[in-house]
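Student: Pulled these features from TrEMBL for this protein:
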{"type": "BINDING", "residues": "N177, D237", "note": "Mg(2+) binding site"}
{"type": "TRANSMEM", "residues": "15-38", "note": "transmembrane segment"}
{"type": "TRANSMEM", "residues": "71-88", "note": "transmembrane segment"}
{"type": "TRANSMEM", "residues": "94-113", "note": "transmembrane segment"}
{"type": "TRANSMEM", "residues": "125-144", "note": "transmembrane segment"}
{"type": "TRANSMEM", "residues": "150-172", "note": "transmembrane segment"}
{"type": "TRANSMEM", "residues": "184-203", "note": "transmembrane segment"}
{"type": "TRANSMEM", "residues": "209-226", "note": "transmembrane segment"}
{"type": "TRANSMEM", "residues": "233-253", "note": "transmembrane segment"}
{"type": "TRANSMEM", "residues": "259-281", "note": "transmembrane segment"}
{"type": "TRANSMEM", "residues": "312-328", "note": "transmembrane segment"}
Amino acid sequence: MTANPAAFALVNAPLGLGILAVTGVFATLPAFILTALLGRPLIARLQRAAARQTAYEDAPKSHQTKTGTPTMGGVLFAIAPPIALLLAPSRTTAALALLVYSCMAIGAVDDLAKIRKQKNKGLRAVPKFALTAAAATAFLLVAGPQTMSFVAIGPVPAWLWYGLSICVVLATTHAVNLTDGLDGLAGGTVVPPLVAFVCIAGILHAIGVAIFAAAVLGAVFGFLVYNRHPARVFMGDTGSLALGGALAGVAVLTGAHLFLLLIGGVFVAETLSVIIQVASYKTTRRRVFRMSPLHHHFELGGWPETKVTSRFWLASLLLSLVGFALIARTT
């Protein structure tokens, strides 16, 4: 069963609310409980394995205190896909699981390289993007035939739908990765978009997608128990790429490719800040921001880490609400 908007009629309000209630109880709650319970022993295991964070050389000085904190905690997100597959076994959920695990594996290789080198430099950009593109292609193949349609636009050529779908996966995974620079930032920022897509999938009666997003949401809540400031563990690329893959996957399977630019607007802003900074420095030798990604700009402006994080969470919430409202009006 595909989860494209053209494949589902708008369900009535009681049924839509029922779907959301079911996903919350049977997907979000178990994922949260399992992640929260497994977090403590995982942190101890990572400490024994010397899987520790090395602060980026050019990061703000306050980040040097983060060196030595266990990383690769994002493996906890591996709990979500089996829950979704158990509750909604389908080609759709299998494809989403494949995408999350593939992105997680790429991130793990990157993290292990950083740990081995004891530097915040892992895989080079080209192989990292190539592997992510391969993961996106495999995801689309497993997902099966889709109705080539975008929300609020309608049918589009197959080449455009598939091409943009791969671009969405590439962009989103690495945008979430860029955002993972402060305690709880990436995890908290991804929560509102995931909630939005649970609701969007519920409206479209895309049960598998709704359950998958809800399971990932529960795992994120469980992880934030240990990742909120002061963080006891970092998700690493293992987690950030997996979260980006999950967010991209549910957006693609609901046909909300373009709306993800709004719903995931904080991730877009983080990515644009890096692009603008690099382009400006290469052409004019001047920096537009104090430091990129954008969260570092505010840090160097004197904002406490917790203030940056809370404001980014709020921005993500507002953008997700607007994006969901627009989709609800146009479907």
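The backbone N, Cα and C atoms fix where each Cβ goes, glycine too.
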Student: Under 8 Å between C-beta atoms and at least six residues away from its ends: which parts of the chain pack against the transmembrane segment (233-253)?
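Tutor: Distant contacts of the transmembrane segment (233-253): 2-4, 39, 42-43, 46, 53, 66, 69-78, 80, 92, 95-96, 99-104, 106-108, 110-111, 122, 132, 135-136, 139-140, 143, 146, 165, 168-169, 171-177, 179-180, 186-187, 190, 193-194, 197, 201, 206, 209, 212-213, 216, 220, 223, 226-227, 259-260, 263-264, 267.
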Student: Enumerate same-chain residues with a sequence separation of six or more from N177 (Mg(2+) binding site) and a Cβ-Cβ distance below 8 A; give 'none' if the list is empty.
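Tutor: Non-local contacts for N177 (Mg(2+) binding site): G107, A186, D237, S240, L241, G244.
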Student: Do any residues of this chain, six or more beyond the ends of the transmembrane segment (71-88), have a C-beta under 8 angstroms from a C-beta of it, and if so which?
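Tutor: For the transmembrane segment (71-88), the sequence-distant neighbours (Cβ-Cβ under 8 Å, at least 6 residues beyond its ends) are 26-27, 30-31, 34-35, 38-39, 42-43, 46, 51-53, 94, 96-97, 100-101, 104, 107-108, 111-112, 114-115, 207-208, 211-212, 214-216, 218-220, 222-223, 226-227, 233-243, 246.
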Student: Should the transmembrane segment (259-281) and the transmembrane segment (125-144) be scored as in contact, given a threshold of at least 3 Cβ pairs under 8 Å and pairs 6 or more apart?
Tutor: no
Student: If you draw a 10 Å sphere around the Cβ of D237 (Mg(2+) binding site), how many other Cβ atoms fall inside it, taking every protein chain shown into account?
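Tutor: D237 (Mg(2+) binding site): 31 neighbouring Cβ atoms within 10 Å.
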Student: May I ask for the residues of the chain that lie six or more residues beyond the transmembrane segment (184-203) and have a Cβ under 8 Å from a Cβ within it?
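Tutor: Long-range Cβ neighbours of the transmembrane segment (184-203): 3, 10-11, 16-17, 19-20, 23, 176-177, 209-210, 213-214, 216-217, 220-221, 223-224, 227-229, 231, 235, 239-240, 243, 246-247, 250-251, 254, 256, 260, 263-264, 266-267, 295, 308-309, 312-313, 316-317, 319-321, 323-324, 327-328, 331.
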Student: Using DSSP with the three-state reduction, classify D237 (Mg(2+) binding site) as helix, strand or coil.
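Tutor: Looking at the DSSP assignment, D237 (Mg(2+) binding site) belongs to a helix.
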